[in-house]
Ligand SMILES: [K+]
Ligand SMILES: [K+]
């Protein structure tokens, strides 16, 4: 239990900082006089006092964090922060119950972007900006998680991730250096967000929408302030801006960091994921545009290409925007898109799913297996890019895949058992575990998760956390050995 | 190309032997004067002459077989024999096109048991006995494949399979000893088939049905001579006999062999699969019976248990019989059954899917992964039963799982692309790759594969072969390196 107190001590401090971020929507509420001020004031008071109590009550357990603490901290951050993030929603919307409010907050902080809310256009701006902000904060936390913390914890072969990155990110302890790395990554993340917001404004959005969507574009979180998502503007220019920034946010931020520090583009060439992601998405856009045109969904090839491209990039990068209800397209189209969402983002990005690097390692391993079958004594090194992989890393990646597939299957079965139809169940499991957002059937891009029962909502919330924290972080704390000295 | 000729030489001899087996349905046709005699006569002539030509034309390439030859032979046997097995069907049923006839024959020889035929009750007995016989022959070939050939080829971690089996099965070359092993296995297989037929007769079947269903029970192939499958008899006694023999056929025949040779039951206790299979199936039966009763599908708990048990055992062992249209049950029930079909049979049985031993290894590896996360320097041996596994074997198993899942996904996507709905596509992919037979939606237990288009039929035929030959055997021959010297 001492471990729990040590970690709660850190968590308390993080909750205090998190409370500070609520002043932004409070400011928006005051400035626009949109009626949500009291809601944010109450939320800030509760968040601050909780954080303070947690921090002070556990002060004497303060010490440097160890590996096991890392697991626990990560799980607690992503499961406890939503309980505070949901407060403004819970207070402002009386029709929202606890399950739904927590779901919405988890969906934000895991950058999933599936929503239980409709009538978004009529919500106070401060509530919508808060929804966007938690996606953005979640994305920020995520980059650090993926680039600095998970590799230290060794989750799912994450050690590999930084094999090609020199310097501070390669340390082997949870040291203050993480803070330095984090600062560099965050500057880039924040800089890109500002650029994105300005470009959105230039392309035709209102300032408020530009900022809110810049938050959810860089976080790849898919929340919108309009029920119709990007269908609201129906503007190819705005969609192009979104496409560019979604692709940028789908790249490893460590690569952006190296490129920015070295002031050149070479790091992108040596990135072992970005090329594959771009090529697969590129061909999928043209292929699906042809398929839509061939099936008479759109009679104009260019219109088909526009809708195919925007929705594919959105789903493949696990953003979750849409500019039309693609769940009405012939079934292969949305299924292919869900398939892409499983592996088309890079590790170290704000995207979800298995990550391209793991798929490359798997591919490599299948090739090795076939060669070894024919030449049982051959020794073939496993290489991705310039790095030779240790068996340990390959094992982690293969086991990760197994746990990933098994989780999707078991979550889908659990949803079916609770009474949901097969297509909705499976697409919900995929959409939540990949942190994508919209699924198909009852939870398609034109609808929301609100039709689910409370139990189903909780299953989805758990699935989002599981996917976001890469399974093992969560599973580890359920193993009895974790709690032994 | 020399390799191809060497293998075709062996294949020619096998086709000659296969031609001999057609005398059984010919005899049935003559004895019952059911009108199918000319059809079998023509088929026998074509099969014999083809086999003879292949054998004689390649006689000078005869030599001892090597590993690569083994891959090629296995693929050719399972893809070329159906072209002869389908002849009687093609000749007798003018409405059957080539795609469908080949599908039916592949479905038989891979012991899948999905059919494109309806009006089974009105087919000549000789045609039905031939359908049963190819399942039985396929099952016989399969046991040798699984117990003796694949382990030598090292496919998908198959080396492990025989780790606990002493004697002839552990040789490391394709030697005549395989013939000895095969003989022992086949005697048991044949003996059990005779026992099964007699018990079916005793339980109330006609002799003809008893023999035909004994063929498909031991082969776990699911073909029936009645459109209603076991619903035709509506007899709990007959169903109980089927349940017992399906479970027996779902156990590793090498274990049966050891038990029979040693005249005791100890080998079953040391079998690392049978216990798990039985426990999972047992709890699934009671769980699903409760679920059906709870959802008011059956108001009598015992009736619910009867239907749950028969259909679960049938699907979990990948047999494919049914005594009711379980695709009409609430969705969780058939999905759970399809899920079980993926891993509830033993290696070395006539069942399909991943096999329980691989799942145990995966489970073991997940556990190792979690412990290693917490204690990065710990060395935990991977053990299943009393055997310690080499990394090489674990890699093979993990990669097998990846290829298995990816195949199901890609086959399902291909079927969706061809225009099939999502539930039918995914269940068809699962049912074909697991060599189960019936799926859900358009190809549920109450219907047939006949509604599929030719292209879809070919995709399914390929999926059955892929699953039956454990992927790598098939994939290997598509790799350019395979054909190099
Ligand atoms: K998302
Ligand atoms: K079967």
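Glycine is no exception: its Cβ is also placed from the backbone N, Cα and C atoms.
Of the residues A:21, A:47, A:58, A:112, TrEMBL puts just one in the K(+) site with A:220, A:221, A:318, A:319, A:435, A:436: A:112.
Highest Cβ contact count with the transmembrane segment (A:393-417) among the listed stretches A:7-32, A:38-58, A:134-155, A:328-348 falls to A:134-155 (criterion: pairs under 8 Å).
Listed by sequence, the residues of this chain that lie at least six past the ends of the transmembrane segment (A:455-483) yet keep a Cβ under 8 A from its Cβ atoms are 3, 68, 71-72, 74-75, 78-79, 99-100, 102-103, 106-107, 110-112, 114, 116, 142, 145, 150, 153, 155-156, 158, 352-353, 400, 403-404, 407, 411, 414-415, 418, 420, 428-429, 432-435, 449. Listed as Cβ neighbours of the transmembrane segment (A:134-155) (distance under 8 Å, sequence separation of 6 or more from its ends, same chain) are residues 18, 21, 67, 70-71, 74, 77-78, 85, 105, 108-111, 113, 161-162, 169, 171-174, 178, 181-182, 185-186, 189, 193, 215-216, 218-223, 249, 252-254, 347-350, 396, 400, 468-473.
Sequence-distant residue pairs (6 or more apart) of the transmembrane segment (A:7-32) and the transmembrane segment (A:241-262) include fewer than 3 whose Cβ atoms are under 8 Å, leaving the two stretches without contact. When Cβ atoms from all protein chains are considered, those within 10 Å of residue A:220 (K(+) binding site) total 31, not counting its own.
Cβ environment of residue A:318 (K(+) binding site): A:220, A:250, A:341, A:344, A:345, A:351, A:352, A:353, A:434, A:435, A:436, A:437 lie under 8 Å away, each six or more residues apart in the same chain. When Cβ-Cβ distances below 8 Å are used as the criterion, the transmembrane segment (A:38-58) is approached by residues 5-6, 8-9, 11-16, 18-19, 22-23, 25-26, 29, 84, 87-88, 91-92, 126-127, 130 of the same chain, each at least six residues removed from its ends. Counting same-chain residues at least six beyond the ends of the transmembrane segment (A:70-93), those with a Cβ under 8 angstroms from any Cβ of the stretch are 3-4, 7-8, 10-11, 14-15, 18-19, 22, 25, 36, 38-40, 42-43, 46-47, 50, 101-102, 104-106, 108-110, 117, 124, 127, 130-131, 134, 141, 145, 149, 152-153, 174, 465, 468-469, 473-474, 476-477, 482.
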